[in-house]
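As recorded in TrEMBL, the features of this protein are as follows:
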- 29-150: domain 'Nose resistant-to-fluoxetine protein N-terminal' (DOMAIN)
- 1-25: signal peptide (SIGNAL)
- 172-190: transmembrane segment (TRANSMEM)
- 202-224: transmembrane segment (TRANSMEM)
- 244-267: transmembrane segment (TRANSMEM)
- 279-301: transmembrane segment (TRANSMEM)
- 307-324: transmembrane segment (TRANSMEM)
- 336-353: transmembrane segment (TRANSMEM)
- 359-382: transmembrane segment (TRANSMEM)
- 403-422: transmembrane segment (TRANSMEM)
- 434-454: transmembrane segment (TRANSMEM)
- 466-490: transmembrane segment (TRANSMEM)
Amino acid sequence: MLSGSSAVTLSAILGLLLPGPAVRTLNVTAKCLQDTIAFLTELDKDTPEEYAALMFDAFGKPGSDVTGGNVNQVGSLTECLSVQGPGFKGQYCQLFLKQGAVEYFVGICVPDSCDEEEVKTLVFYGEPLTGFRFYSRFLVLHYLQAFSVQASSVAVLGTVGVTFSSLNGIRVLSLLWVVCGHTVQLSAYSNLDNSKRWKETVASSPLYVFAFSGPVYLAVDTFLSGDILSLRLVAYFLFKVQPLHLFMVCLIIALFSVLQRGVFWFIAEDEVVSCKKYWWSNLLLVNNLFTITNICAPWTWYLSIDFQFYVTTPLVIFLYRLTHENYFQYYYNKPYTRYGPYLLGMLAGLYMTTKTEGWQAAAGWLSSLSAMALLVGLAYALKDVPPHVSLARAVYQGLHRSVWALALVWIILACEEGYGGFVNTFLSMKVWTPLSNISFACYLVHPVLILLFNGKQETSMHYTDLNFLYLFLSHMVVTVVLGYVLTVLIEKPYLFLSNAKG
């Protein structure tokens, strides 16, 4: 139980918990402060996680008939004690206050990592607080917290409240596929002493689905499909990715300009020249509209096209609405346009009377996995450029990305609807969540790492499966480490700052 003499309103209760600059000199443990900050940060989001909502709901609130003596704001002890936060539980405390001649208490829910004295310090230390002071302490804390490694790490490593959990596994596996492909391709183009033998091996071994250019690039389409399902907004995209994107541009110019050149440094030099001349195209997210020789960090084309898709979405919706009236008038309600679906539905209904439930899911899995396998296989079968126009290659080139995305979207939705089975169990493992949280940073930094490694070689590399397996694993480990560091130091602080401004 805590007591004190201060005028406290409901809107100020959260402000009371926010530590001001003076708290740094007082006896408050780092764990207590960290958990309190994590709770308040989560509560400030548009859709806070369940534990934060429960903690806030457990706070005491003014009731009716205050003039009749109903002044205590009890809150909910049971709800508070049921809270399971990230590394702490809910703890119910009572603030005993006095406002004029009226004495009352307010029930609050705080992390159990804070003892009575620490809560008392956070609540009652300092000058009498006003609404303005509450807000000013909140802003100061938010801006300072934006650059807190601890707070950023909690956000990166957290696995609570994940939506579309199967998407995390898909995104991480796609990242592994991309890094594997870039590890081989960026080396094969300039650093191998047996490049012809490598090309022959690629053509004859299905194992090289992880390194051959066609199938590997489908992994990027996986990111695009996942972005639509995760419903990220343009503003969120800019705050999440663009600061890190521009940081990578600066890093390429600075790092590659000062390092001592090696025998294979010409690729890195080309990157420096392109970035110095065309950095503004990355800033405006239009670098994918230039030729490959005039792009700074060519692998960032994905970020630009992702952004362009987002900003053109309203135009697509407008065009749809523009044709909507004619669509209904001449097409939508006519019997000749509806008999096909009706017939298929009738046949499906007749079929279901003799089949057990779930056959649609089985058919969907079979279709989606077969389509994916076919697309990868055709990438090998159609990899050579013919001397004449090829209808098969034209059809494949025009449809393969859409078919891949359609199959992928079905898999994600099937997992979310309970038809995923062991696939959903695997893709939704919690271990994927932290890796998914740093996937953008990993995507941006791994080509820099590969180019740096290749450029500093003094002799050509010899391709063997074992050599490049170890090279891929090494690149992947360092990529994850650097991705985590960049996410914590660059990406997350801008997200925290955007939340503070909102």
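Any Cβ shown, glycine's included, is placed from N, Cα and C.
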Notebook entry, point to check: Out of 172-190, 279-301, 359-382, 403-422, 466-490, which stretch has the largest tally of CB pairs under 8 angstroms to the transmembrane segment (434-454)?
Noted result: 466-490
Item checked: Segment confidence, the domain 'Nose resistant-to-fluoxetine protein N-terminal' (29-150), expressed as mean pLDDT -> 76
Margin query: Quick check: do the transmembrane segment (172-190) and the transmembrane segment (359-382) share at least 3 Cβ pairs under 8 Å, counting only pairs 6+ apart in sequence?
Written below: no
Next item on the list: Determine which residues of the chain contact the transmembrane segment (279-301) at the Cβ level, with the cut-off under 8 Å and only residues 6 or more beyond its ends counted.
Entry: 182, 242, 245-246, 248-249, 252-253, 270-271, 307-308, 443-444, 447-448
